[in-house]
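What TrEMBL records for this protein:
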{"type": "BINDING", "residues": "Ala81, Met82, Lys83, Pro84", "note": "NADP(+) binding site"}
{"type": "DOMAIN", "residues": "12-110", "note": "domain 'Pyrroline-5-carboxylate reductase catalytic N-terminal'"}
{"type": "DOMAIN", "residues": "173-277", "note": "domain 'Pyrroline-5-carboxylate reductase dimerisation'"}
Amino acid sequence: MNFPQTASEEHIAFYGAGSMAEAIVRGMIHRSVVNPGQISMINRSNREHLEYLTNRYGVVTGQDPAAKNELLRGASIIILAMKPKDAGEAIGQLRPLLSEHQLIVSLIAGLSISTIQHLLGRKQPIARTMPNTSSSIGLGATGISFSPEADARQRQAALSIFEAVGSVAVIDEDKQEILTGVSGSGPAYIYYMMEAMIAAGIEGGLSPEQARDLTVQTVLGAASMMKETGEDPAKLRKDITSPNGSTQAALEVLADKGFTETVKAAVHRCAERSREMGESVRESLL
Ligand SMILES: NC(=O)C1=CN([C@@H]2O[C@H](COP(=O)(O)OP(=O)(O)OC[C@H]3O[C@@H](n4cnc5c(N)ncnc54)[C@H](OP(=O)(O)O)[C@@H]3O)[C@@H](O)[C@H]2O)C=CC1
Ligand SMILES: O=C(O)[C@@H]1CCC=N1
């Protein structure tokens, strides 16, 4: 079989058509990596949502079981994009349809390559990934681990999908959980911080719109400074911090309240929770 080398030549079936699938589809279409006709989206029962996806993105959707099966059979890449609790049933339905040359890309938090292969009953080529929601605007950060069965062309095709919607780190599978703690769930911590900054700004007398705009621009500027200068964040922080000035006073409050330890504990707890979820998915499915 002649495998296509880039996402532009693939037929990609999203098996699960919720928020993460939509984020990636939106990003791929926005970046013109694929034609909408190369993408199919399948869900369990929400027909209205499939109609919305077809109308909004021009993707192919299948609603009855025969159409779903045809789309899954015809795809060179099948992206598993359902919640972990639904994965067993969905993979069970997929199993009789698959050929050995199809690449399975999983977005499912905690679901290991060996569990997917066990559920499929064979050593299918697998890419286990952990994207984040910023993929929808082309600024995602995705971790990706491959099974040995994925050949060079399939690896390149999977990388093309996620590179189209942001940056990609190829990692050993045992690093997936800590990556989830940093970048998979990471946007939520930043939003949480931004919520607090906006609230404090409003408490201090800024209008809600001003507080929001100033916070957004501050986070955008800080991230862009790190990216564009390549500087260590500690150096950039020190550049802002005048001796005995207002920034120092603020950072002292954060340090007194255990800022670094708290953020590190949150990242590690996220990784631990990802492992727990993976374990319970494995136990519930096998
Ligand atoms: N949100 C995030 O930031 C991230 C999420 N993930 C992972 O992405 C995955 C999807 O999450 P998310 O998009 O938020 O979930 P959603 O609940 O938004 O979407 C789940 C989708 O799966 C479909 N589905 C469920 N069961 C089946 C089935 N048997 N056959 C076909 N489709 C099915 C649902 O269809 P219907 O609506 O018809 O029931 C729905 O379209 C999760 O496993 C999560 O771990 C990974 C990284 C980041
Ligand atoms: O919260 C979750 O479980 C998923 C995984 C990463 C982001 N959301």
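Cβ atoms are placed via backbone N, Cα and C, with glycine included.
Where TrEMBL records a feature, it is marked here on the structure.
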residue : record               : Cβ within 10 Å
Ala81   : NADP(+) binding site : 27
Met82   : NADP(+) binding site : 24
Lys83   : NADP(+) binding site : 13
Pro84   : NADP(+) binding site : 17
Using DSSP reduced to three states, classify Pro84 (NADP(+) binding site) as helix, strand or coil.
helix
Run through the domain 'Pyrroline-5-carboxylate reductase dimerisation' (173-277) and tell me, per DSSP, how many residues are helix, strand and coil.
90 helix, 0 strand, 15 coil
Same chain, not part of Ala81, Met82, Lys83, Pro84: whose C-beta falls within 8 angstroms of the C-beta centre of the NADP(+) site? Give them in sequence order.
Gly16, Gly18, Leu80, Lys85, Asp86, Ala87, Ala90, Leu107, Ile108
Looking only at the domain 'Pyrroline-5-carboxylate reductase catalytic N-terminal' (12-110), what are its DSSP counts of helix, strand and coil residues?
50 helix, 18 strand, 31 coil
Along the domain 'Pyrroline-5-carboxylate reductase dimerisation' (173-277), what average pLDDT does this model show?
97
